Ligand SMILES: Nc1ncnc2c1ncn2[C@@H]1O[C@H](COP(=O)(O)OP(=O)(O)OP(=O)(O)O)[C@@H](O)[C@H]1O
Ligand SMILES: [Mg+2]
């Protein structure tokens, strides 16, 4: 049971649109998987199926070896949603309160935050560089700052498996870089397993261990070395247009 | 006033009930407002009215019915209405607010029918509509204190989960929070608090006790905990001062309390303006 996530023959359709077709997919323990694909290719849909927010019509999904219908340990999983900042911006909650809410699953019903939990909250906020804003209301922050708060909320419970759906949308270059460095650190030092949806293929190939290319079907799934050997034509056919994969060299 | 308070049981009843609802109505109100469900309180209060009107009809038609306390049927209607709202919200997934006008008009329709069957308005009905200091009985006090303890305990125990649910429903679901159960508990409590509050503030004004103190507090609160505390503070202030004034000036307590809450709200808005320069 070395797979954190196993997806077997999952298909999903919205009312009349097939979005995922016969997906087989696995995330081994300790992996850092980059999931890429063009807009509308079903990446967010796949993540929602994993998180039980949507129910696939066919197929089975296992988390930590358990079918998700029976899976109970949701606190082992952290999640940053693609549209994290679609919340009610008038909501009276401080950065601290929002990040602390990431501990709810781990604490369980009826429990309150202990000293050690409070420390974890401060550390998570510090890790995304939001300490100066800790007592600000979340609605009074910029979009990128809010996104960093949601990242802190996802990592505060030190999940074993962290799922991120384009977490760096709206985050500036400097903080994107330090965020990717942080992900690498979490993966290498804390042995956190990561599944990251991104359009930033160039950057992630330096950090990830595996890459998956989704466009309704899973077109490619393998190690980053295998991915690097893919021909530009393969990628272009998958994306449906030409892609300058190596254009990030100057970085 | 204080000697009157010791002297008259009805005043004691009114103050005990007032202090209870001054706490739980704004407390629940915070969750209602931040989830953008403010109108649910209005819809449910009109369903409660149907329950009250039905009770008055029962009192009138059956000899035995005279001792029947309308608060129970009001509560039953309110809870039934809340369950119905939940059902409608799942049917109209993308138009969740549609449930509110449906229930609201249904409640008014039923009330009007019961009222006309019971031969129109009487003073009893009037006191339920606008609240009354003298109408609170000892049974009401007991019923409402039980509701008070239930609501308070549930908010205390489920605070974390309700916070996540209110802030970000999708995230709540993804973290394994039992969203449907929590929401169900929430709306039933709202229904109970509305039925409990109507004695003092009256059915037509119940929802304002749940929303006005909150509207004031979120203007100035830093964070959710502070919003909760301030809402309760404002709610209690409006209720207690309102009861005093209505007793002395012989006004309907509902209106007095609500007008005070409006004054507090204006104060909060001005204070924030002034503070920001
Ligand atoms: N709620 C919905 N109802 C119906 N169709 C939907 C819904 N959400 C998404 N879709 C459709 O499903 C397809 C996949 O959407 P999804 O959000 O999974 O794409 P994505 O890969 O995450 O894209 P992006 O890169 O833009 O985030 C799209 O074609 C979209 O039109
Ligand atoms: Mg997406």
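Backbone N, Cα and C atoms are what each Cβ position is placed from, and that goes for glycine too.
Now, the feature entries from TrEMBL:
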- B:12-34: transmembrane segment (TRANSMEM)
- B:39-58: transmembrane segment (TRANSMEM)
- B:70-86: transmembrane segment (TRANSMEM)
- B:98-121: transmembrane segment (TRANSMEM)
- B:141-159: transmembrane segment (TRANSMEM)
- B:179-197: transmembrane segment (TRANSMEM)
- B:203-221: transmembrane segment (TRANSMEM)
- B:228-248: transmembrane segment (TRANSMEM)
- B:254-271: transmembrane segment (TRANSMEM)
Original post:
Among B:39-58, B:70-86, B:98-121, B:141-159, B:228-248, which stretch has the most Cβ pairs under 8 Å to the transmembrane segment (B:179-197)?
Top reply: B:70-86
Original post:
Where among B:70-86, B:98-121, B:141-159, B:203-221, B:228-248 do we find the most Cβ pairs under 8 Å to the transmembrane segment (B:12-34)?
Top reply: B:228-248
Original post:
Hey, would you say the transmembrane segment (B:98-121) packs against the transmembrane segment (B:39-58), going by three or more CB pairs under 8 A that are 6+ residues apart?
Top reply: yes
Original post:
With pairs 6 or more apart in sequence, are the transmembrane segment (B:203-221) and the transmembrane segment (B:39-58) linked by at least 3 Cβ pairs under 8 Å?
Top reply: yes
